[in-house]
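Here's what TrEMBL has on this protein:
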type	residues	note
COMPBIAS	51-62	compositional bias 'Acidic residues'
COMPBIAS	249-275	compositional bias 'Basic and acidic residues'
DOMAIN	113-220	domain 'THUMP'
REGION	35-62	region 'Disordered'
REGION	236-275	region 'Disordered'
Amino acid sequence: EAGMRGILITCNMNERKCVGEAYSLLGEYGDLLYGPEQFSEPEERLSGSDREEEEEEDDDVEAALRKEVGQIRASTEHKLRRFQSVESGANNVVFIRTQGIEPENLVHHILKDMHTTKKKKTRVILRMLPISGTCKAFMEDMKKYTETFFEPWFKAPNKGTFQIVYKARNNSHMSREEVIKELAGIVGSLNPENKVDLNNPQYTIVVEIIKNVCCLSVVRDYVLFRKYNLQEVVKSNKEDAQQKPSSVTEEKDSKAEKKEVKEEENSKEVTQENK
């Protein structure tokens with residue numbers, strides 16, 4: 001649905017096993033980065049309905065019904081876990097909704113670790129793409145949404161080289177050329193110094209459209225990490241030794257980088273004034 005954040009995962013035919021692998025992999029790295037997941041006890045949430053039941057002991061049917069509704073509500077809330085599989089709307093595609101974490105940081109950390117260790121950790125998962133924003137897959141909605149969504153990476157004084165990768169599933173009304181042209185125009189309008197680089201860009205804008213939902217993210221090291229393919233990233237390659245993954249994965253590092261950019265610009269202005 002529009003408004004969700006999470007991780008879009010492609011697999012080779014076995015979606016059920018893919019979900020299991022995803023939970024295992026995300027759980028492992030999620031605990032490392034964010035600490036063990038905390039669960040609240042459903043019993044605590046039922047205390048209110050328990051009191052209502054005691055107040056209405058004369059009406060057993062209504063009390064039983066209230067208790068059942070309370071249990072269902074508590075169970076539903078209890079299931080809002082850090083990672084939750086939801087229906088993707090496309091074959092061989094799994095979507096894991098995330099709660100309280102930054103999908104880009106987590107997925108980049110996983111790929112960086114696998115790229116470094118060359119240790120294969122999955123059998124059926126192919127690609128793992130973070131989805132930091134979703135909107136309706138109509139051109140006007142996408143233009144309005146991305147004008148704000150792209151700001152942290154591309155709005156002056158921030159800038160970078162970029163490419164746009166586009167994939168549509170179960171959708172026939174969107175035009176690949178039109179989407180790429182419009183989104184590239186928005187990036188350019190945020191800062192004219194943003195330049196397209198199809199070989200080794202700093203940022204890759206991922207556009208994944210499924211039915212009437214557009215999934216978006218801006219990722220680093222897309223080329224180095226083999227298009228975020230978990231099967232390919234663990235294969236040895238001579239070129240890898242010459243390239244180092246981006247170290248900017250945490251939000252605080254990103255803020256520090258933006259601060260450095262501003263300080264650098266300020267120092268340039270001071271130098272020019274001195275001259």
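Glycine is treated like the rest: Cβ placed from N, Cα and C.
Per-class residue totals from DSSP over the domain 'THUMP' (113-220), listed helix then strand then coil: 35 helix, 37 strand, 36 coil. Model confidence over the domain 'THUMP' (113-220) stands at 97, taken as the mean pLDDT rounded to a whole number.
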